[in-house]
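The next block holds one structure in the form of structure tokens; read it before the comments.
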Amino acid sequence: MKIATWNINSVRLRMPLVAHFLKTAAPDILCLQETKCRDAEFPMKDFTSLGYNHVEINGQKGYHGVAVASKKPLRLIEKRDFCEKGDARHISVEAEGEGGPITLHNFYVPAGGDEPDVEINPKFAHKLSFLDEMKAWGENGAAKGRVAMVGDLNIAPLEHDVWSHKQLLKVVSHTPVEVEKLSAVFQAGKWIDAMRHFVPADEKLYTWWSYRAADWAASNRGRRLDHILVSEGLGGALKKLDVLTEARGWERPSDHVPVIIELSE
DNA sequence: ATGGTCGGAGCCCGA
């Protein structure tokens with residue numbers, strides 16, 4: 001079973017890229033973040049015409065928004081309102097794996113603004129609160145059984161998840177306080193970092209490159225903001241990882257690229 | 001060299 005996650009930065013604008021991706025990579029399930037449209041505006045027919053007949057969405061006007069599209073049936077579990085702000089940042093579904101049902105959580109964690117200081121930046125405070133709530137959610141059994149958690153977590157936790165550890169220590173996405181809170185989330189659910197299961201921690205690994213670089217590939221100042229975590233119950237099923245870096249070079253690209261995990265069950 | 005670019009909404013905000 002192939003599960004993909006991709007921050008699409010407007011699903012309506014980039015539906016041609018999504019279609020190309022679904023035709024060529026052919027994941028069983030695609031999790032999207034930053035769909036940026038209300039549920040009624042979601043391009044449902046484009047997905048069904050590509051054979052992805054089962055789509056669950058949690059959208060809102062203009063901002064955020066997550067969706068899960070699948071070839072096989074999904075059962076909607078929940079659209080959880082972390083931090084109770086009414087943001088569309090989570091959706092969970094049950095999917096049919098070869099070894100039994102899999103629970104799948106799709107997250108879009110707040111980016112957190114520019115200043116890594118909760119006193120002056122409420123967006124950063126929101127990000128940290130969101131992570132605290134994810135930790136409690138994991139402690140309360142979210143990772144029990146066969147569970148995967150994917151999405152744009154907006155944090156690059158390891159030194160080699162960013163192009164320069166030293167230069168990014170005070171940049172939101174790689175500050176020690178965020179990294180510690182994300183580590184606490186991972187520990188609370190005993191989540192396994194599926195990407196780093198395949199790529200050693202001392203190797204650079206990115207999923208996002210800023211739009212602001214004149215030449216994203218030449219400067220290669222990336223960050224690993226997108227993640228796939230699996231519960232202990234799925235740890236033995238990890239089969240293959242693919243980070244589709246080339247998608248950053250597509251025409252009118254998202255600033256994030258798809259990450260695909262293959263599970264043997 | 002402390003900027004640079006996107007998307008959506010609606011002439012700025014969030015990333």
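Glycine is treated like the rest: Cβ placed from N, Cα and C.
Remember, TrEMBL labels are computer predictions, not curated facts.
The active site annotation in TrEMBL covers A:Tyr108. In sequence order, A:Asn7, A:Gln33, A:Glu34, A:His64, A:Gly65, A:Val66, A:Ala88, A:Arg89, A:His90, A:Gly151, A:Asp152 constitute the residues six or more apart from A:Tyr108 (active site) in its chain with CB-CB distances below 8 Å. A strand conformation is recorded for A:Tyr108 (active site) in the three-state DSSP classification.
Under the heading active site, proton donor/acceptor, TrEMBL lists A:Asp152. Cβ-based neighbour count (10 Å, all protein chains) for A:Asp152 (active site, proton donor/acceptor) stands at 28. According to DSSP, A:Asp152 (active site, proton donor/acceptor) sits within a strand segment.
According to TrEMBL, the feature site 'Transition state stabilizer' maps to A:Asn154.
What TrEMBL lists as site 'Important for catalytic activity' is A:Asp226. Residue density at A:Asp226 (site 'Important for catalytic activity'): 25 other Cβ atoms are found within 10 A of its Cβ, drawing on all protein chains shown. According to DSSP, A:Asp226 (site 'Important for catalytic activity') sits within a strand segment.
According to TrEMBL, the site 'Interaction with DNA substrate' annotation covers A:His256. Within 10 Å of the Cβ of A:His256 (site 'Interaction with DNA substrate') there are 23 other Cβ atoms, across all protein chains.
In the three-state DSSP scheme, A:His256 (site 'Interaction with DNA substrate') falls into the strand class. The active site, proton acceptor feature in TrEMBL is assigned to A:His256.
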Neighbour tally for A:Asn154 (site 'Transition state stabilizer'), based on other Cβ positions within 10 Å of its Cβ: 25
A:His256 (site 'Interaction with DNA substrate') to A:Asp226 (site 'Important for catalytic activity') - Cα separation in whole Å: 8
